[in-house]
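One structure is given here, and the rest of the page talks about it.
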Amino acid sequence: MTPDSSPSSVDDPLFESGHRIFANKDLLKIGHVPEADRIVGRDEEISKLAKRLNGAVHGYSPENVMIYGKTGTGKSLVSKHVCQRAQNAAQDGVEIGTAYIDCAEDNTETQAISSLAAKLNDESSTGISVPHTGLSTSKYYKLLWKTLDAQFDSVIIILDEIDLMNDDSVLMKLSRAEEAGKIDCSVGVIAISNKIQYVDNVNERVKSSFQHKELFFKPYDANQLREIMFNREDAFQDGVLSEDVIPLSAAFAAQEHGDARKAIDILRHAGEVAYEAGAELVTEEHVRQAQQHAEKDRFRELVNGAPTQAKAALLALTELSVNSNDDAFLTSRVYDQYEHICNHLDMDILSVRRFRDILKEQAFLGVVEIEKINKGSAGGIHLQNRLIEDSQVVRETILEDSRMQDWTRE
């Protein structure tokens, strides 16, 4: 029985004996992996990924897979779901290990490998102890290899938000471990990124070693978003959701790019807003308040997780927006401001081409909007860039980075 659904009373009057809004709030957690019948609109992606991992079920090598798609399109959920099913489907005598690494948290090679070793190790079975800190990267790799060979025939490793990893050689070392004679166990890597150009920017040796298939996850449409949320309706007590709550939450998420994570986040926040207000029902107004809150959270997460160069590019566009009556600026003008910022912060200045790529990545993430404008036969075609979020909010968020704060001391 979950804590939210428990009907038993508590002795302290400070705390409620149940929850008048939520019945099972865990269904609304971002990392929650639902049962197969609750996963919406991803049958084709599940089937394709399963084919790539099929070798592991029979004791052979799974393939490496690179998954692209915007935030909230089910990339992590489907990866975890298929890995769970592969473990359950393994032939008799075949042991499959799976591990999930969030590269936003474990963003160095040492952190990622030590986390993998700790998550995959069953000390009672292997007799191997994996300390959280204190060892060199090479020693953590050796512990990982020993752990894998002691327990598994195949291992599938999910590296989520791989673009935030500061050393892409981890892809090469994991995918080549068996070939290099480090282990007898087969290793397959599922690398997940919001950035469609990620592989184009990795080291050539890594690119050559990480032989992979690609999957692209399209955004959910409004109908799919509604179905996803109706499948989580039992997270709430019976009768507390007004009939317009789920359609409105889905509509807000569909306006962006079909972000299921955002839709679920809005629904959860709406319940929390209603609870804090002492309401008996979750209403449309609670959803609207939750949407504003979720949008700020989403934006801060995107900007705070961006590399330093991306923050400098966004700061350049932000400064132009704050100090001008215009809201859209040619790439050349934004680049001039970017150069000024980099010089002031003593940062390396990227080429114009790489700078354009960064702006495109931010447009892909929904932070920047890019529009082509035609200045005629003499002027040619140019790109204009504008911030989607309020410029003051963007500026405040970027300046939370200590490296960027020096800009305010100009």
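Positions of Cβ are set from backbone N, Cα and C atoms, glycine also.
Taken straight from Swiss-Prot:
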type    : residues                                          : note
BINDING : Thr73, Gly74, Lys75, Ser76, Leu77, Tyr220, Arg232 : ATP binding site
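Leu77 (ATP binding site) is surrounded by 22 other CB atoms, counting those within 10 A of its CB over all protein chains shown. Its Cβ placed at the centre, Tyr220 (ATP binding site) has 26 other Cβ atoms within 10 Å. For Thr73 (ATP binding site), the same-chain residues 6+ apart in sequence whose C-beta sits under 8 angstroms from its C-beta are Phe217, Lys218, Pro219, Tyr220, Gly258, Asp259, Ala260. Neighbours of Arg232 (ATP binding site), defined as other CB atoms within 10 A of its CB across all chains, total 19.
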